[in-house]
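Features of the protein shown, as given by Swiss-Prot:
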DOMAIN    174-272  domain 'HTH araC/xylS-type'
DNA_BIND  191-212  DNA-binding region
DNA_BIND  239-262  DNA-binding region
SITE      241  site 'Interaction with sigma-70'
SITE      250  site 'Interaction with sigma-70'
């Protein structure tokens, strides 16, 4: 597995923060690094496989990656993101207690992926741009300024994350996308889902298509197929059982959709013919 080292990304040995844009981010194999990062998705779509679990990412997705996490990008489509790198929560010169603002693992679950709305994303861009402008300065005032901006970024993300920001339809759509990540195997009635998140069905279709490039049902099918591919690689369950566990009532229909999406059959994936290294 590829290991990315801080010496290749931070401007100096005592720099606590670095900005690494990926405009665009192409498919990239599984890797980890000896630093932490906050991945901010500007626009486009892709699949982010984080510690073996696939997540669909779009504009407004924010991912918190620790130094022991492994991840990769695939099925990217005009995916543009900015990585805010930092060595460790306790490796800042002027800041302490940052862990309290970062996602915390509870009962083995790490809430790695957050979502923010478009207006917050604009504010995030401004903070990141200010950090980037000062990146080459190594004096103490510049270091302190960058760290203050980093703290402001964390505060903005925490205050604006889905759980606390439901005042407009874009935020409610983000919450709906997060809900689908947890309920992808359920039978989804789009009228009921639209009501649940206080969206009209027309608004749901329009905004989801704008955000992901897919219709709601196409998005749900892709999400189910990604989860199924993960189970094919990492479980001993039969193809039929996996199809049912991922929301498909007909295993033959599942196999047809799977091949159409990945150009491999479920059996091919199970046997590792796609070249994936487990």
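Using N, Cα and C of the backbone, Cβ positions are placed for all residues, glycine too.
Within the chain, the DNA-binding region (239-262) has long-range Cβ neighbours (under 8 A, six or more residues past its boundaries) at 184-188, 220-222, 224-225, 227-229, 231-232, 269-270, 274. Across the structure, residue 241 (site 'Interaction with sigma-70') and residue 250 (site 'Interaction with sigma-70') place their CA atoms 10 angstrom apart.
The local packing around residue 241 (site 'Interaction with sigma-70'), expressed as other Cβ atoms within 10 Å of its Cβ over all shown chains, amounts to 13. All protein chains included, residue 250 (site 'Interaction with sigma-70') registers 12 other Cβ atoms within 10 Å of its own Cβ.
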